[in-house]
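To start, the structure itself, in structure tokens.
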Amino acid sequence: MPSVYGFPAFTSATELLLAVTTFCLGFWVVRVTRTWVPKGLKSPPGPWGLPFIGHVLTLGKNPHLSLTKLSQQYGDVLQIRIGSTPVVVLSGLNTIKQALVKQGDDFKGRPDLYSFTLIANGQSMTFNPDSGPLWAARRRLAQNALKSFSIASDPTLASSCYLEEHVSKEAEYLISKFQKLMAEVGHFDPFKYLVVSVANVICAICFGRRYDHDDQELLSIVNLSNEFGEVTGSGYPADFIPILRYLPNSSLDAFKDLNKKFYSFMKKLIKEHYRTFEKGHIRDITDSLIEHCQDRRLDENANVQLSDDKVITIVFDLFGAGFDTITTAISWSLMYLVTNPRIQRKIQEELDTVIGRDRQPRLSDRPQLPYLEAFILETFRHSSFVPFTIPHSTIRDTSLNGFYIPKGHCVFVNQWQVNHDQELWGDPNEFRPERFLTSSGTLDKHLSEKVILFGLGKRKCIGETIGRLEVFLFLAILLQQMEFNVSPGEKVDMTPAYGLTLKHARCEHFQVQMRSSGPQHLQA
């Protein structure tokens, strides 16, 4: 019944408790969603979320699709909540370029997420929230080391660079292995062999060694990496809802265990390098970093001091940059080839015309193979197997498209949306490499720059350059000599499963045929 003061009167303690609870929830929602906004700016729009969990249910099993749909309603800059944490989501090519490139200093941070502290003991350059001068100097050091032992020329090599030498050896191994599997079984799953070959390339660059494909030590790395991607696929609400860290969570426990094992493995290999290190005889990236570390210790004025642990974490980051993304790219490429035999034939016709069958493809052939490049770009775009960049954060108060974004805000960058934007691509769901070619058959560089897979700006993937080159060379060598298909009557499932990278279902029904003319093993 009404009270004498015009407010509702409560007839029981239960009603009173319910009213107080409702008021508190309402106050909490207003509190967590309200931010002071400078005059002339607006808060990013977005849907209302549920108390305590925010938009966790809205994201669902395919966050890239859910957030793309929301961007169609709310625009290129929108805001959601995960738990009580506000997250700004960026879509649209121009908006993302504005944020990560033109305003790159504002958006170069990483959010201080709990799961990030578990990777490389919280010292990873890739995942660490630090974005200051020391981080920038270490990143340049890592980039230079990677360049020196991958794409820089070396007159002592028969190949143009270390990367070409390592990829050529592994591609030749795969050709022999696939032939053997066809003779013995008649079909196979290429992923289980690709992943080991790609791991061998980055092992050679980082550690100066190649493993046999049945080596248990190498297989342990491969298995850890596969498990890492599977475990991270479920995401970590504990990053945004702290109480979940203290509740039983099998995925979180597995994530912790995998990171400890991977870090221990890296530490073991690097300790071995310290033990066998000889100044003036630099074998690989790890030796290069050890030399830098020792030289800087003698120079008190050096601006980049490296501890032994920092050497481990840099190698950790470089290994990660050159492994999962490349394996996934080649694997998706093979899936598109067997489902589009016309495209496979066109690539092989181009290889025959430009290179022939008397020698092996080289990195220097890349500019003369525009259709193969167009195919790779379309694979990157259509699969968008890295749907989001690693989350960014703002390091200062800033604005974007008229919307105010405070310092320390977590920022998601939806690469999948850009690669499937109908305004950019017209028919984004069609797999059509020709879209990247001009009327004269050359590569359309302007359009190719609109594909986003490796991020942009100050935090873009450190392994982008070698990744693109490695995918190109593996495919060129394999397709020059072999034709890929699947067993008659079998279908491939290209439905992507969400994770750290989008993965297709494994297919055990691949077949290869050596191409009808030309030697099987060509001169490099």
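Glycine is treated like the rest: Cβ placed from N, Cα and C.
From the options 33-44, 57-68, 273-284, 285-296, the stretch Swiss-Prot describes as region 'Mitochondrial targeting signal' is 33-44. Of the listed residues (Ser71, Ser234, Ser440), Swiss-Prot tags Ser71 with O-linked glycosylation site; the rest carry no such note in the record, though that does not show they lack it. Outside the region 'Mitochondrial targeting signal' (33-44), and at least 6 residues removed from its termini, the chain residues within Cβ reach (under 8 Å) are 74, 77-79, 81, 86, 88, 399, 402-406. Cα of Ser71 (O-linked glycosylation site) to Cα of Cys461 (heme binding site): a distance of 25 Å.
Counting every protein chain shown, the Cβ of Cys461 (heme binding site) has 19 other Cβ atoms within 10 Å. Neighbours of Ser71 (O-linked glycosylation site), defined as other CB atoms within 10 A of its CB across all chains, total 20.
Sorting each residue of the region 'Mitochondrial targeting signal' (33-44) by its DSSP state yields 1 helix, 1 strand, 10 coil.
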